[in-house]
Each structure stands twice: as structure tokens, then as C-alpha cells.
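Swiss-Prot has this to say about the protein:
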type: BINDING; residues: 317, 321; note: Mg(2+) 2 binding site
type: BINDING; residues: 317, 321; note: Mg(2+) 1 binding site
type: MOTIF; residues: 317-321; note: motif 'DDXXD motif'
type: BINDING; residues: 461, 469; note: Mg(2+) 3 binding site
């Protein structure tokens with residue numbers, strides 16, 4: 001979308017005095033969904049009742065799957081494959097205890113199995129599953145698959161599944177694992193070369209891994225839906241597992257539709273088109289974002305709170321980035337620090353509703369935390385909202401001063417303005433009794449794990465979105481900073497930033513490995529924030545520009561049920 005310099009009559013630093021102010025307004029396209037996600041009361045009741053009926057069948061199928069897990073408990077390969085399929089179908093949260101027990105067994109017996117095994121598929125799958133769950137498995141197990149020239153042995157066509165699993169396993173690598181760095185390049189090139197000769201369902205799996213996302217980086221709900229369509233094509237598929245996956249997916253979709261309807265009604269009350277016409281109207285995409293962070297039914301309150309907070313963050317971003325004058329932003333930033341309804345009279349008219357909405361959402365956080373019996377979390381939630389405005393104002397200062405930061409200076413601020421630290425804290429708020437005070441303080445201490453997520457968010461956004469941003473008055477992105485600092489081409493800058501992004505993924509993988517003092521449930525929130533970035537910013541800024549592919553993802557999760 002092209003940008004336009006628009007002359008707007010707005011309130012300046014005093015709400016009683018208006019001036020003609022020329023503003024650089026980004027011409028964002030309107031909401032593509034209209035009111036389609038606003039459900040009537042009868043629609044909500046119908047969805048809820050069907051989900052309740054289906055849950056009876058689901059509970060019976062879960063018993064059957066537990067029996068199958070028990071039957072496979074002493075068969076290494078069978079157990080390995082059963083756990084993998086359960087996870088790929090999006091069912092792992094139903095069988096956490098059983099999967100933990102299975103993985104302990106696989107870890108304890110892995111060395112003996114791997115020592116005698118030349119099966120690349122089983123070794124790679126073992127490595128991936130165990131590393132995903134924090135077990136420190138050495139990458140040296142792949143040395144036996146190297147050839148005399150230091151490359152990897154090329155399998156016959158029947159061995160493609162082994163190479164695919166090896167490719168998936170390389171996405172769990174950490175810094176210093178050269179064999180997996182080489183293995184990633186080799187397996188990717190090999191799979192690309194054989195893809196045209198493959199037939200479904202294997203071709204669909206290889207294509208997905210190469211052109212969408214790996215198992216590690218894909219969005220669990222999207223990957224589960226895709227895997228169902230692949231899995232049912234294999235003659236060996238387990239009918240009970242497949243039926244359970246489809247029913248479970250649709251039950252969750254019904255729950256999510258009801259949640260999105262309630263959030264959409266709240267957003268309609270804010271009335272973005274009338275009150276904030278300069279901003280991106282993207283509540284559906286924001287709920288999709290948060291759904292990527294956690295989809296399980298027990299986190300419904302968390303999704304509601306986090307969606308509202310990220311919606312406020314988006315409004316703040318557009319206000320600071322593409323509308324407010326520096327003086328208006330200064331006044332607003334000061335009001336945020338004071339955090340009081342008494343500040344409303346000092347704000348420009350168009351900022352009053354935004355400030356009031358921020359206070360209302362913070363009141364809602366306070367109410368929910370009081371219900372949960374965790375009042376200490378209230379301050380963390382409010383501080384998370386304040387941090388958005390604080391960091392956006394620092395960016396506005398750079399823009400006002402025409403400051404040209406170095407790449408490292410830019411990243412120091414940009415890892416704050418990406419908002420991921422605040423969003424991670426927000427997503428912890430309503431996670432029951434899992435997060436303790438020390439876990440919130442851990443996020444605020446900038447550990448490598450959290451900073452890796454901020455780097456992934458910022459660089460992925462910059463790489464695909466910097467050209468659009470630079471068409472208006474905007475601070476340079478990491479691409480421009482690196483290009484100017486190192487006197488290099490944009491292509492070289494982007495390649496360097498991709499390398500940094502990959503290094504951040506390695507740090508993220510390292511943070512999962514045991515021992516760790518942070519509960520896995522919290523670590524997965526951070527990982528899932530990175531996964532949603534991989535989906536929404538891999539080939540463009542699909543939050544700002546909601547094209548057919550992004551709309552298709554939304555439909556898969558929030559419109560079309562899986563055919564049963």
C-alpha cells in the first residue's frame with residue numbers, strides 16, 4: 001500500500017486548541033472480515049452444545065489411545081511413532097503424563113538402541129522428540145551417517161522419510177553443532193531434488209517442511225490440521241487417533257469462535273474505523289496471533305487478556321509510529337507513567353479513548369488476577385502495558401532527532417519496541433498456579449532465551465517490512481542500519497540478519513535443554529511467540545497486509561471445521 005501525507009485537523013497539546021497538522025499517515029487497508037465473527041447468542045449456544053456432545057465421544061477415544069500407548073510401552077519404534085503422531089495431531093495436551101513417561105523410557109534406552117541402529121529415520125526422530133522435551137541428546141549420533149567425503153550418505157528413494165526426519169531434527173540444533181549445520185543444508189538440498197519424483201502423502205509432508213514450516217517452527221494448530229490430511233492417506237493410520245484428532249480440533253474451534261465473538265464485540269465498541277482511522281484494524285489477526293501462543297481450553301482467560309493487551313499495543317504502535325506529533329506523544333507518555341484517570345483532561349481528544357481503554361484493560365487484569373488469587377501479578381500486567389508506550393516513545397525521540405543508530409544501538413531499542421517481553425509477561429498472567437513471582441522477574445532480567453525471542457520477532461519483521469516503513473518518516477530498520485554502517489548492499493544486510501535470526505533460534509533451542517528452573521509450560525509460550533512470527537512474517541508482513549494466504553490460515557483455524 002502506498003503512503004500518503006494527509007493534512008488532518010486534530011487537537012494539539014491542548015484539547016481546546018486545534019491546528020492544521022500534516023501527518024505521515026500509513027494507508028492501511030481496512031478490516032477484511034467485517035462482522036463475520038460476531039455470533040448471535042443462539043449461535044454460541046449451538047456451538048457449545050455440539051462441543052459438549054462431541055466431548056463424550058472424545059473421552060472414550062482418549063481411553064483407547066491410552067491403551068495403545070500402554071501396549072507400545074516396551075516397543076521402542078512403536079512407542080516413538082505413537083508419541084510423534086499424537087503430538088503432530090495436536091493431542092499432546094491430553095496425554096502429558098503418558099508422554100512424559102514414554103520419553104523417560106526412550107531417553108533411558110536410547111543409547112543402547114542408537115549404538116546398534118543404522119536407521120536414520122529412527123535416530124533422527126528420537127533426537128528430535130527428546131530434544132523438543134529438553135533432553136540433552138548428543139548430535140554425535142549422526143556421525144555414522146556421514147560418508148568418506150565428510151558429507152552424508154544419500155539414501156535410496158525408500159529412505160526419503162529418514163532424510164525428512166533428519167531435516168526436521170536439524171532445526172533443534174544449538175550453537176557449535178557443525179554437523180547439524182551441514183546436515184540442515186544437505187538434507188534441504190536433497191529433499192528439494194527428490195520432491196518432484198515423490199507422490200502423496202510423502203510429497204505433501206516434504207513440501208510442507210520445505211515451503212511452510214518445520215515441525216519445530218510451525219504453528220501447532222495449523223500443523224495439526226495439515227497433518228490430519230496427510231496422516232489419513234497412509235494405509236497404516238490409526239483410525240481412533242485420527243477420529244480423536246478431528247473431533248478435538250473442531251471442539252476447540254467452537255470454543256475459539258465463541259471467544260473471538262466476545263473479543264470482536266469489545267473491539268466493535270472501541271470502533272477503530274471512527275476513533276482511530278489511522279490504525280490497523282486487525283482484531284481477528286491479533287486473536288489468531290494469541291491462539292498461536294496457547295490454544296488449550298484452560299487458557300481461555302489468558303487469551304482474552306492477551307488479545308486485548310496486544311490490541312492496545314498495536315494501537316499504540318500506530319499512534320506513535322504513524323500519527324502523533326512528538327509533543328502529543330510526549331504528553332501521552334507522561335500520562336502513561338502517571339497511570340491515572342485524572343490525566344485524561346491533559347490529552348488530545350483522539351488520545352483520550354486510547355488512554356481510557358488502557359486503564360479499562362488494566363482494571364480487567366486486576367479483576368481476573370484477584371479471582372485467581374494472584375494479586376501480585378497485577379503490577380506485572382500494568383507494567384507490561386506501560387512498557388509498550390515507554391519504548392515506542394524512545395523510538396519517536398530518535399525519529400524526531402533524525403538519529404542514525406548503529407546496528408547494535410538499534411537492536412538494543414528494537415528488542416524492546418517489538419513488545420515480546422511485555423507480551424510474554426501478559427501471557428503468563430492467567431496460567432493458573434504455574435507462574436511464580438520469580439518467573440516474571442526472570443523475563444524482566446533479559447535472559448538469553450527471552451532475548452532470542454525478541455531478536456527473532458524484530459529481525460523477521462524488519463526483513464520483510466522495512467521497505468514499507470521507509471516510505472514515510474521512520475527510524476531506520478536493522479536493514480538500513482547494517483547497510484549504512486557496513487557500506488554494503490541490502491541483499492548482504494538481509495543475509496547477515498538471517499544468520500543472526502538463525503543464531504537466535506539456536507539460543508532458543510539451548511534454553512529448552514535441561515536442567516532449567518523454568519517450567520516447560522512457560523518456555524512453550526515463548527517458543528510459540530516465535531512460531532507465530534515464522535508464520536506471519538516469513539514471506540511478508542501478513543499482519544499489516546492481510547492477503548489470501550493469511551486469510552486462509554484464519555479460515556483453517558476459525559472458520560472451517562475439519563470434515564469428520
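Keep in mind that glycine also has a Cβ here, set from the backbone N, Cα and C atoms.
Features recorded in Swiss-Prot, as mapped to the structure shown.
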residue : record                : Cβ within 10 Å
317     : Mg(2+) 2 binding site : 20
321     : Mg(2+) 2 binding site : 23
461     : Mg(2+) 3 binding site : 21
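The DSSP secondary structure for residue 321 (Mg(2+) 2 binding site) is helix. In this structure, the CA atom of residue 321 (Mg(2+) 2 binding site) is 15 Å away from the CA atom of residue 461 (Mg(2+) 3 binding site).
Looking at the motif 'DDXXD motif' (317-321) alone, the prediction's average pLDDT is 94. Of the recorded residues, residue 317 (Mg(2+) 2 binding site) and residue 461 (Mg(2+) 3 binding site) place their C-alpha atoms 14 Å from one another.
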